[in-house]
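Trainee: Under the heading (6S)-5-formyl-5,6,7,8-tetrahydrofolate binding site, Swiss-Prot lists Arg29, Glu97, Lys136, Lys468. The K(+) binding site annotation in Swiss-Prot covers Asn242, Thr261, Leu263, Thr266. Positions annotated as GTP binding site by Swiss-Prot: 242-247, 261-267, 286-289. Residues or ranges marked as Mg(2+) binding site in Swiss-Prot: Ser246, Thr267. Residues or ranges marked as domain 'TrmE-type G' in Swiss-Prot: 232-390.
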Amino acid sequence: MLRTPLLHEQDCIIGMATPPGTSGVAVLRLSGPGVLSLVVPYLYTPKGEKVAESGFKPRVMRRLNFIDPQAPDVPLDHMLVVHFPNPHSFSGEDMVELHGHGAPVVVKRIMEVLVAHGVRPADPGEFSKRAFFNNKMDLVQAEALMGLIEATSLRAAREASRQMTGTLSEHLMALKDHLVLTYAHLEAALDFSDEDIEPESEGGLLDRLAYVHAGIKKMLGTAELGRQMRDGFELAIVGRPNVGKSSLFNALSGEDRAIVTDLAGTTRDLNESNLEIHGLPILLVDTAGLRESDDPVERIGIERAWQRVERADGIVFVAEAQLGVTLEDKALLQRLPKEKALWVWNKLDQLEGALPECLQDWPEEQICGVSCHTGEGLESVVAHIVARMEQLPEHGEGVVIMQLRQQQTLQQAIVLIEEAQEMLANGQWLELVAEPLTRSIDQLTQLMGNTDYEDVLGMVFSSFCVGK
């Protein structure tokens with residue numbers, strides 16, 4: 001589908017493709033019609049010879065000097081320059097990349113020179129937006145690109161990279177095409193109702209809608225995994241005060257993030273640490289000791305702890321091995337969702353003999369012991385966490401829904417499909433069924449960006465960095 005860009009997007013833009021700040025290398029990216037002609041006047045060979053546009057071979061680096069017109073005697077920078085003629089570029093337009101040194105003052109001056117010569121500073125995500133308008137990617141692929149840039153784990157990066165190749169887009173397009181075909185059969189039933197043509201039966205239309213409904217439902221079933229890939233698997237460490245929660249938090253995070261003392265109630269607020277285990281990001285949360293308290297500040301911390309327990313993907317319940325199951329432990333366990341909890345007996349170094357008995361109905365595979373003081377058993381705790389993580393499904397087809405916008409749009413589409421199904425099942429006029437059906441098609445069209453909804457496009461591309 002041809003997408004029509006806004007008028008201001010026909011000019012030439014410049015932006016940094018590398019992070020700002022001092023570095024060994026900085027890459028400036030330019031895009032727009034005839035952009036090479038705007039850069040060439042400032043480029044010279046190492047021997048001081050002027051450079052012609054015809055001297056550039058597509059996608060071949062050239063070692064050149066950038067000359068500041070205000071100080072032409074000394075090169076402003078020595079760089080590698082490459083030209084990407086349209087349409088064989090990231091944006092689909094003529095593009096030039098300047099690979100120079102990462103001195104902020106030099107980069108700033110180069111941009112000032114080029115902006116004075118007719119180039120405009122790029123808006124956030126404008127290069128990707130132009131790529132979208134030039135059919136180099138659809139909106140789902142653009143979101144996958146941003147997901148790859150922001151990935152905090154290998155698993156999230158791999159899934160985003162997979163979706164950049166168009167796998168998710170292909171699944172969505174197949175479902176949309178099936179909806180369009182269903183609509184065509186419905187229209188045929190309306191248009192040729194008086195002709196000697198056998199239209200699709202209402203049962204056949206329902207079967208087609210059921211197929212699309214099941215496909216979207218399957219995609220929505222991956223949204224929770226997508227959230228965990230994007231934001232991390234949240235693991236809350238909970239238990240009575242002074243059982244070693246903060247010590248375990250520090251041991252797992254590999255640094256002394258939480259204060260550890262022998263005083264009960266030391267931790268009053270949440271401590272967080274980002275980890276990566278088996279390619280999946282983990283948000284580890286140390287919580288306040290759970291108990292009854294008259295201290296108003298501690299009560300706030302305890303309330304926050306229970307809130308995190310409710311939203312956490314997994315829970316590590318810590319108890320003291322030498323004491324066994326206390327009455328306080330039993331009271332806490334009544335409020336904990338056992339299906340997502342790991343029982344950790346801490347302070348093994350103070351225990352003589354075997355681990356104490358847990359509650360009778362507690363699964364054995366969800367129990368382990370550790371000494372945060374000596375490090376004994378820490379690998380076992382990590383192994384149990386990994387076992388919990390490995391229960392998450394793998395989606396090798398690249399159909400994990402990782403963006404909230406995608407999830408919400410699919411949810412709206414499925415509501416409309418269900419509305420059409422109900423109307424058909426109740427024998428309502430086909431003219432009425434066509435309305436929710438066309439709206440569901442619009443939802444899938446909007447999802448991939450084949451639409452003129454400028455607010456949707458702005459929402460997606462505004463989250464990008466300038467150089468993308």
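Just so you know, glycine gets a Cβ as well, placed from its N, Cα and C.
Are these features on the surface or tucked inside, and what touches them?
Mentor: Of all Cβ atoms in the protein chains displayed, 23 besides its own lie within 10 Å of the Cβ of Arg29 ((6S)-5-formyl-5,6,7,8-tetrahydrofolate binding site).
Asn242 (K(+) binding site): 18 other CB atoms within 10 A of its CB, across all protein chains.
Taken residue by residue with DSSP, Ala288 (GTP binding site) is part of neither helix nor strand, so it is coil.
Around Ser246 (Mg(2+) binding site), taking its Cβ as the centre, 25 other Cβ atoms fall within 10 Å, counting all chains.
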Trainee: Could you give the Cα-Cα distance between Glu97 ((6S)-5-formyl-5,6,7,8-tetrahydrofolate binding site) and Asn242 (K(+) binding site), in whole Å?
Mentor: 57
Trainee: Nearest by CA distance to Ser246 (Mg(2+) binding site): which of the binding-site residues is it, out of Arg29, Lys136, Ala288?
Mentor: Ala288
Trainee: What does DSSP call Arg29 ((6S)-5-formyl-5,6,7,8-tetrahydrofolate binding site) in the simple three-state scheme?
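Mentor: Going by the DSSP assignment, Arg29 ((6S)-5-formyl-5,6,7,8-tetrahydrofolate binding site) falls within a strand, counted as strand.
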Trainee: Under DSSP, is Ser246 (Mg(2+) binding site) part of a helix or a strand, or is it coil?
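Mentor: In the DSSP reduction, Ser246 (Mg(2+) binding site) maps to helix.
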Trainee: Let me make sure I understand the structure: which of the binding-site residues listed (Lys136, Lys245) has the fewest other Cβ atoms within 10 A of its Cβ?
Mentor: Lys136
Trainee: Among the binding-site residues listed here (Glu97, Ala288), identify the one with the smallest other-Cβ count within 10 Å.
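Mentor: Counting other Cβ atoms within 10 Å of each of the binding-site residues Glu97, Ala288, the minimum falls on Glu97.
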